[in-house]
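Single-structure report; data block below.
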Amino acid sequence: MSTASAASSSSSSSASEMIEAPSQVLNFEEIDYKEIEVEEVVGRGAFGVVCKAKWRAKDVAIKQIESESERKAFIVELRQLSRVNHPNIVKLYGACLNPVCLVMEYAEGGSLYNVLHGAEPLPYYTAAHAMSWCLQCSQGVAYLHSMQPKALIHRDLKPPNLLLVAGGTVLKICDFGTACDIQTHMTNNKGSAAWMAPEVFEGSNYSEKCDVFSWGIILWEVITRRKPFDEIGGPAFRIMWAVHNGTRPPLIKNLPKPIESLMTRCWSKDPSQRPSMEEIVKIMTHLMRYFPGADEPLQYPCQYSDEGQSNSATSTGSFMDIASTNTSNKSDTNMEQVPATNDTIKRLESKLLKNQAKQQSESGRLSLGASRGSSVESLPPTSEGKRMSADMSEIEARIVATAGNGQPRRRSIQDLTVTGTEPGQVSSRSSSPSVRMITTSGPTSEKPARSHPWTPDDSTDTNGSDNSIPMAYLTLDHQLQPLAPCPNSKESMAVFEQHCKMAQEYMKVQTEIALLLQRKQELVAELDQDEKDQQNTSRLVQEHKKLLDENKSLSTYYQQCKKQLEVIRSQQQKRQGTS
């Protein structure tokens, strides 16, 4: 028997032993691998390779282990998936024993991570989609936490493990290779640092509240469409160290207080201070009343050839000013806010302030008790053109306005749609492009021409030569164009010619104004960039100093550990000598 066949046989027998164990009651179908037609590799999971395949005339995803070390994760996922049945958890159709693989529901929309940060063109999505994804995720996790006789902890909640179907409107949780029973203690750190609760990598004791922490990070990520702790960079231990010291993702300007409160409660250092997933489901279900349109399929950017737009996705919420927060007990300082440069966001903010003033006595009814972090540092704005996060600038006004009677007031979802950047526009360095609502509209209709228009070509002077009357008036607005003259009246012709020349001069002045304004914007942008460069230089100096201090602290800690190790070794040698 070959090595490959021996490994396959060993995997098969191991899986078979686990499946047939009397203590395990697994609800799945054993599938003959010959019935499966593998089409293509689509990615990797908690273990092995994930492939798209056909099984009984339907699309499925199959997970195959690649090594013996992945067999344990395979058994874990098989055992956990066979226990669950929920619309927001990927469905297990069955398993093959030779070769060992899982046959599961196929998600044509890919992972939430790819929708947020994948290759272009990226889809547009609204605040309703973002809130709906988080609600569905919380519903699936709440189901896991409430399972009997033993609840489940996922332990690896993150956008790569959240799949989308039905045009991106339905979310399903996958990758149970790291899931465990709620009584289990962690023996080796699994999961991903950016979404991992501090207690998970600080020690081995943790509860289902570690999934709550991960969910709070995901909520921030889908609203901002930014990778959590992306500004820290480097290896994973740097993120772990920052989270251990109380660093959290930056707060979001214009985010409604109920959402911000829920999000920051999930980030609490103390797991007991975090809400349960059941409470999160109740709060999110209530908030979803203010976010209509979550059932609309995701839209991908189309090509606007007449405007010279690229099909790269842009930000839906780039007006949101962000400031980093640290959850240590310090006062808020150095809050840097990026000014909104577009009139639309200013109008939204004014609406928000008006509604807050009118409903100030009632607004407290929806307060969830903020646990906002304190020590604030500036997060450098991202300049990636593919940002398309959900704009929350108007939602709080809508929540406050309905707090009195509890009935949602219908507002246009267009207030929350994505924005685009026109290539000819000069935006601020805060990646705050001007707003372009996503509405299907035809080309701008031209102004109707006058009936029987008179043109200069129809007229000649008394000497029979053509008049060189400027044609600039044809580009003016209809109300500014000169009236057609009477060809038989010299006075009328003279007035018309004078009007045409004035129109040409008017167009020349307007063109100069436009060019000067454009140059002004360029100079402002250059000045802004210079200021940003100075700020970045200062930030880099501070970061370098911080890293030096951190390195010194770690070196000291290393020396202490080294001394402790030497003491322990010497004690052991003494014991061995005496024995």
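Cβ atoms here come from the backbone N, Cα and C positions, even for glycine.
Model, not experiment: these values are computed from the prediction.
Summarising the annotation, Swiss-Prot assigns active site, proton acceptor to Asp156. If you draw a 10 Å sphere around the CB of Asp156 (active site, proton acceptor), it holds 24 other CB atoms from the protein chains shown.
What Swiss-Prot lists as ATP binding site is Val42, Gly43, Arg44, Gly45, Ala46, Phe47, Gly48, Val49, Val50, Lys63, and the listing cites sequence analysis. DSSP assigns Gly48 (ATP binding site) to coil, not to a helix or a strand.
Summarising the annotation, Swiss-Prot assigns compositional bias 'Polar residues' to 306-338 (among others).
As annotated by Swiss-Prot, compositional bias 'Low complexity' applies to 361-375 (among others).
The compositional bias 'Polar residues' annotation in Swiss-Prot covers 416-425 (among others).
If you look up Swiss-Prot, you'll see 426-436 (among others) marked as compositional bias 'Low complexity'.
DSSP classifies Lys72 (ubiquitin cross-link) as helix under the three-state reduction. Annotation comment: Swiss-Prot describes Lys72 (among others) as ubiquitin cross-link.
A coil conformation is recorded for Lys158 (ubiquitin cross-link) in the three-state DSSP classification, outside any helix or strand. Under the heading ubiquitin cross-link, Swiss-Prot lists Lys158 (among others).
Swiss-Prot lists Lys209 (among others) with the feature ubiquitin cross-link, giving a curator's inference as the kind of evidence. Within its own chain, Lys209 (ubiquitin cross-link) has Ala197, Pro271, Ser272, Arg274, Ser276 as residues 6 or more apart in sequence whose C-beta sits under 8 angstroms from its own. In the three-state DSSP scheme, Lys209 (ubiquitin cross-link) falls into the helix class.
Annotation comment: Swiss-Prot describes 36-291 as domain 'Protein kinase', evidence class sequence analysis.
The phosphothreonine annotation in Swiss-Prot covers Thr184 (among others) and is backed by similarity to another entry.
Look at Swiss-Prot and you will find Thr187 (among others) tagged as phosphothreonine.
The Cβ of Ser192 (phosphoserine) has 18 neighbouring Cβ atoms from other residues within 10 Å, across all protein chains displayed. Taken residue by residue with DSSP, Ser192 (phosphoserine) is part of neither helix nor strand, so it is coil. For Ser192 (among others), the entry in Swiss-Prot reads phosphoserine.
What Swiss-Prot lists as phosphoserine is Ser367 (among others).
Residues or ranges marked as phosphoserine in Swiss-Prot (evidence: a large-scale study or a structure entry): Ser389 (among others).
Here Swiss-Prot flags Ser412 (among others) as phosphoserine.
Reported as a whole number, the C-alpha separation between Ser192 (phosphoserine) and Asp156 (active site, proton acceptor) equals 7 Å. All protein chains shown were included, and the count of other CB atoms within 10 Å of the CB of Gly48 (ATP binding site) stands at 22.
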